[in-house]
Amino acid sequence: MSVPPPSASPAPSLPGWSFDAVERRALRMDRARTELQHGRPLALRAGPGQPGLLIAAVETLGAAGWSRWQSGRGALRLLLSAERLQALSQRGDAEAAHLPVPTELDLAGLQALAAVQARPDQAPGGAWGLDWPAERRRAFLASAQPADAAEQAALRLAKLGPLSPALLRLALPADTLDAAVADGLVEIAPQDIEAARGAPRALLRRLSDAHVPITAHEDCTLVLFRELHGETEHLALVVGQPDRSQPVPVRLHSSCFTGDLLGSLRCDCGDQLQGAIERLAEDGGVLLYLAQEGRGTGLASKLRAYRLQDTGLDTLDADRYLGFRADERDFQAAAAMLDALGIARIRLLTNNPAKIEALRAAGIDVVDRLPLVVPSNPHNARYLATKRDRAGHLRDDEQA
Ligand SMILES: Nc1nc2c(ncn2[C@@H]2O[C@H](COP(=O)(O)OP(=O)(O)OP(=O)(O)O)[C@@H](O)[C@H]2O)c(=O)[nH]1
Ligand SMILES: [Zn+2]
């Protein structure tokens with residue numbers, strides 16, 4: 001009697017364990033971001049069996065991480081954002097690029113080039129933080145090779161950290177990366193980072209809410225949203241019972257630990273937060289408290305930017321010195337929260353036209369702008385003037 005060959009039946013799957021393509025991608029993004037945050041290396045390549053790059057964030061590397069890169073000496077490159085290269089070269093047209101890491105450079109030198117020192121006081125030589133003579137600086141900049149699309153994506157991933165956009169970079173062949181990935185190295189494809197850019201609104205979960213009476217108004221509800229992948233949380237404070245048949249007064253407030261919690265005089269955030277809540281208490285409205293510290297650069301970078309401002313740079317030049325754009329925020333989450341709250345037409349309390357544009361682009365009908373005027377003080381006068389003169393903020397009498 002002949003025995004039938006064993007059928008190649010698929011392995012029984014664990015219920016709830018299979019991810020769809022979008023979830024897989026988000027999972028890879030989560031893991032990749034975590035690796036950079038922890039100073040660990042990450043493989044960046046189009047897929048298994050491909051050559052690619054080993055990258056790590058200079059900001060989180062530390063001495064132990066740095067010593068692991070020593071075997072790559074000679075081939076190591078430093079990937080920097082356009083803004084950081086503009087600060088180093090004093091040229092407004094510099095683009096993101098990677099440059100050779102000199103073999104004798106130590107970790108402190110690398111951190112200086114990447115502008116991630118704990119105390120980035122401006123050295124006499126400007127943005128470099130290294131006592132390199134002019135000729136050496138010129139030669140270093142001349143060896144820059146433009147960042148390709150994958151490398152640009154890597155810089156964006158670092159910013160999502162939120163980390164400084166400065167990465168170590170080592171090109172490796174396919175088999176080396178395959179072996180490292182089999183051994184636990186996390187890998188990410190540039191397409192994953194690209195796809196996360198316009199993350200769909202559904203990637204925000206409404207997790208909980210409660211009645212929270214506050215001094216300005218007793219009838220308030222706090223609603224907590226969490227990004228589906230990752231731990232970032234945004235809050236909505238619904239003040240009173242806004243009439244949704246009319247445009248609802250809304251304030252988008254980007255978190256500012258120093259201003260909101262400590263009453264820092266370096267910015268206007270604390271006063272804006274209180275002023276907005278008082279205004280919303282008049283007819284009801286919604287305050288969206290967005291996890292976007294330091295205009296999206298993170299609190300560590302904001303404190304570095306403050307040190308640079310103490311040496312004479314204004315808020316925008318300080319951010320550029322650190323490798324950031326004038327504003328690293330996006331307002332997708334804000335639009336998603338308004339959607340979830342059933343609010344489509346709003347009156348926005350702001351002096352920042354970019355917020356209006358961003359919400360409109362995300363499909364929110366911004367019917368008009370309500371100015372938000374707060375008094376200045378000797379510590380924030382320059383900051384407010386820079387926002388008005390260089391960042392396009394409106395004065396209270398201007399129309400958006
Ligand atoms: N990078 C950086 N961020 C800062 C600095 N000062 C304040 N911030 C951040 O700037 C953000 C201020 O946000 P908002 O008040 O919502 O926005 P805005 O762009 O000023 O616009 P409106 O207040 O709506 O007119 C907060 O995230 C602060 O942490 C600074 O010097 N550097
Ligand atoms: Zn602030």
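Yeah, the Cβs are placed from backbone N, Cα and C, and that goes for glycine too.
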- Item | One of Thr221, Thr315 listed by TrEMBL as binding GTP at the site of Arg251, Leu252, His253, Ser254, Ser255, Gln272, Glu293, Gly294, Arg295, Thr350, Lys355 | Thr315
- Query: Under 6 Å from ligand 2 by Cβ, which binding-site residues from Ser255, Cys256, Cys267, Cys269, Glu293, Arg295?
  - Reply: Cys256, Cys267, Cys269
- Restricted to the domain 'GTP cyclohydrolase II' (209-371), the mean pLDDT of the model is 95
- Task: For Arg329 (active site, nucleophile), identify the closest of the binding-site residues Arg251, Cys256, Cys267, Arg295, Thr350, judging by Cα separation.
- Result: Arg295
- Item | From Arg251, Ser255, Cys267, Cys269, Arg295: binding-site residues whose CA lies within 10 A of Asp327 (active site, proton acceptor) | Arg295
- Query: Going by C-alpha positions, which of the binding-site residues (Cys256, Cys267, Cys269) is nearest Arg295 (GTP binding site)?
  - Reply: Cys256
- For Arg251 (GTP binding site), which DSSP three-state class applies? strand
